[in-house]
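Trainee: First, the structure itself, so that you have it in front of you.
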Amino acid sequence: MGASGSKPVVAAAVGAHDEKQATLERVAASLSSLHLRPVASADGSLSLANVEFWEDTITADPKLQLTRTILPQNDLRSTFISRPAKIADAHVFNTQLDFETGPITNQKSSGRCWLFAATNVLRYNVMKKLNLEDFQLSQSYLFFWDKLNKCNYYLELSIQHADLPIDDRIVFHTAQDLISDGGQWDMIVNLLEGYGVVPQAAYPESLHSSLSSPLNGILKRKLREHALVLRSLAASLRAAAQSEPLSEESILRSLRAKKEDLLKDVYTIMTATLGVPPKPTEQFSWDYYDKDGKVGHWEGTPLEFCKTFATNKFLPTDSFSLIHDPRNEFGKLYSVDKLGNVWGGRDVLYVNTEIDNLKDAVVKMIKAGQPVFFGCDVGQFSDREAGVMDTKLFEYENAFSIKFGLTKADRLRTSESAMTHAMVISAVHLDAAGKPVRYKVENSWGDAPGNKGYYLMTDEWFEQFVYQVVVPKALAPKNLVQVFEKGEKTMLPLWDPMGALA
């Protein structure tokens, strides 16, 4: 048995040697093609000899000299915007929803794009059912309940992590952006299920919902103080448990009782700056005009309003996120550890799949009359004034004689890109083969940018910088619905790029 058992080991060793040798040969071949100059600085410091060499090379290039002449007096982006790209990027779409909602919304100086994108999707149903011309759901209402829940979520994490060192990576990371304005689709579902929605007239914008930074600063300062209070109390209770019969359950009850006392400060600050919102089970009344000038009246609770008007056959609770993250395996369910808004609510869940499945879902949804919530990196290769997102928009490579070589996966790995903004797709332009060429995007930056507030996104840009599309189960590929419903998720760490909040 010993002889027969040793043979695979020898074979494996030989195979490993061959693979190592092949790797060395590939590296050697790659290095030989680099034509490296002799090192000018043996200790790694910046050498003026290199600067002189670079300068001589650039001076000998007339194109780079022209670039140097132009740029000191001109904006980099507007100078190198591509004329052919601007001509090609026509705001024309041959497949769109049956009517256009309005007005174009404006999140102003806040990070609430995900709430605006979600309410822009939901208001489509309200306006259609009630024959409205202009209508907004209250983004501020959802903002209030989301922020209050995030404060509770952070303090619950503080209780959970009370035994970890204060400089532990998890404790440190959660204390950095503890109550972000941003969020994800599953957080929307948590809010809709717990609080419903109301028309904007029932809970209007305030200065501090539109300008959230001062409010966030005060809340974060107080919450970090609260976290230290809970850590200190936890240490005292566990020390007392060494000599007294005090169970972990009793300790947790005591900590949560203290947490609830502390949250009164948060509620006080929020209601003073944002106003007291309707309670989800409290009746409110709403009077309105429809597009024919007829007066309408409705009474009910926010939860009832959501169920009656803001949903259709495609329920928000039955929709889920398809993502394209080429770092990770496709056809798998992913979540992000300790990322959420409502404690005990639905996890942030993503089904990772090929980019074509996201595109197909968009086309299918538009044809079915369903606006599309999606997440992207809006700052990449985009022109805010023109309202265009196009990878060919700027001639940077030609201007500087460089090449950008990062793949989508590379950009995620190196923090070059992440899912930072949520918007709504309301139309798509298809070619003769039925494939997307460009997409019409409803943003939440007011009606001045773009084409009266609407943006154009090319298909190439979609491939590189769109990470998420939210799709109803009824319109998603069956195999991906099964992945979602099976619930066997891989947990990504809290600091993973997929933990970025739009």
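Backbone N, Cα and C define each Cβ position, glycine as well.
Grabbed the feature section from TrEMBL, which reads as follows:
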ACT_SITE  C113  active site
ACT_SITE  H421  active site
ACT_SITE  N443  active site
Trainee: Give the number of CB atoms, excluding that of H421 (active site) itself, located within 10 Å of its CB.
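Mentor: I get 23 for this one.
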Trainee: What is the interatomic distance between the Cα atoms of N443 (active site) and H421 (active site), given in whole Å?
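Mentor: Answer for this pair: 10 Å between alpha carbons.
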Trainee: In whole Å, note down how far the CA of H421 (active site) lies from the CA of C113 (active site).
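Mentor: Each residue's Cα considered, C113 (active site) and H421 (active site) end up 6 Å apart.
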Trainee: Including all protein chains displayed, how many Cβ atoms other than that of N443 (active site) lie within 10 Å of its Cβ?
Mentor: 26
Trainee: Within 10 Å of the Cβ of C113 (active site), how many other Cβ atoms are there?
Mentor: 25
